[in-house]
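> Before I ask anything, here is the structure I am working with.
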């Protein structure tokens, strides 16, 4: 019979913590063979650690609690140690006295035996741990249906571009960045290397753009995306520490005016608009107009301005301006009225803008800190984007099929697979696994997934390797593949990077130096051919004398002809 006493709950909690710790050791001792398996185990370990912390917190409240909880615990402990049994049926003879504590113990033991005699098939009330149910997501999310539990929860946690946390997916943020007003467009590959450069000399964002709401949303969404990616890829790491340490350093640098790009603490950015409104109209240039300080207006012509000075509205505004200046210069303390309220509103607006600038600077510092921790992932993402840009459609399709095959090999089965189909797949899998592929010569695989014959390998010359420096030192096996690659996108991408056309003149050129030299030679030959064509054309003057076209134009220009 299960006991609901607080002491029994505390004992059971201690047991759960011990079994969780033992399961965590078993989980982490076995090395992972793939990236997906390692990430899955990290999420499981994180979930186990969360449950251990939760139970340790409950025990801390149990032992350190005060008030009614503490009094109830003391009374229960006293009842266990000094209380009387509920009945005396199982006691010994009256002439043999028994300690009250033992009497209480035997009474409780008798109740437990009676319960199990009444329900012999009842399951023991023991804590059970099933690691397969630990999917790495919180139980609140599972209850809400946000992330369904299952063996392929990682596939739903990451997008296709992220490839289970190997790469970053910042396409939406790149689109938001290039759509900011005043920001020059840049390709996605270059954006990956500069997305954290939001302040200072390296920043591509103008100061006026930082005052917009779109920029505030952009940096907020970018920081949230980086934080979420870190939590998904490093579930056992203390990601919150990165934020706390970055913000702690930020507060000190902000007070010392050492935050890059915000040395003036945002005063220049937040007041630039008002300063421009005041400074631009004060210039007496004709194209700027004539500024009226009292009415806060600009007049295009002097005659219109002179007529405005005679109006009653201007005279009233000038009187109010003079009265306001007099109140400011008067040392008497109770100045109040519309001017005072206007100054208070202006000061409040300036404080609000400065607070907004500080929040922007804090988010930018946080993005730089997160980017520094994701430096290796960003570099791999850039390399992957550049690699995929050079692939042909056939190569992309083959890569996608290889990814699907990798998912099937990892154990992920499609939803709705019946027992009969599972049995057939297991039988077929056993038959296939019995025939291990023997390939000591590292021969290429054929259409059936087996190595091609060695004679076919020699016939096509696949043992001869060709290296192309223009294709980033890519190695091609066989002359047929080497000759075909000059018309593929990888070689064309390398030629475009060199600024050269991928024409038939460069067919067979693999060295960057040779390609540049050939381009210079073709350029000189083009000039010489043009000169030769000019010299080959002949012209006659009015006397019948024959000249080349260049000589004729030169003599005619000198007036000789």
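Positions of Cβ are set from backbone N, Cα and C atoms, glycine also.
Just so you know, TrEMBL annotations never went through curation; they're auto-generated.
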> Write down the single range among 60-79, 80-99, 100-119, 120-139 that appears in TrEMBL as region 'Disordered'.
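Within the set 60-79, 80-99, 100-119, 120-139, TrEMBL attaches region 'Disordered' to 80-99.
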> According to TrEMBL, which stretch among 343-373, 374-404, 405-435 corresponds to the feature region 'Disordered'?
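In TrEMBL, residues 405-435 carry the label region 'Disordered'.
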> Per DSSP, what is the residue tally for the domain 'Matrin-type' (466-497) in helix, strand and coil?
18 helix, 7 strand, 7 coil
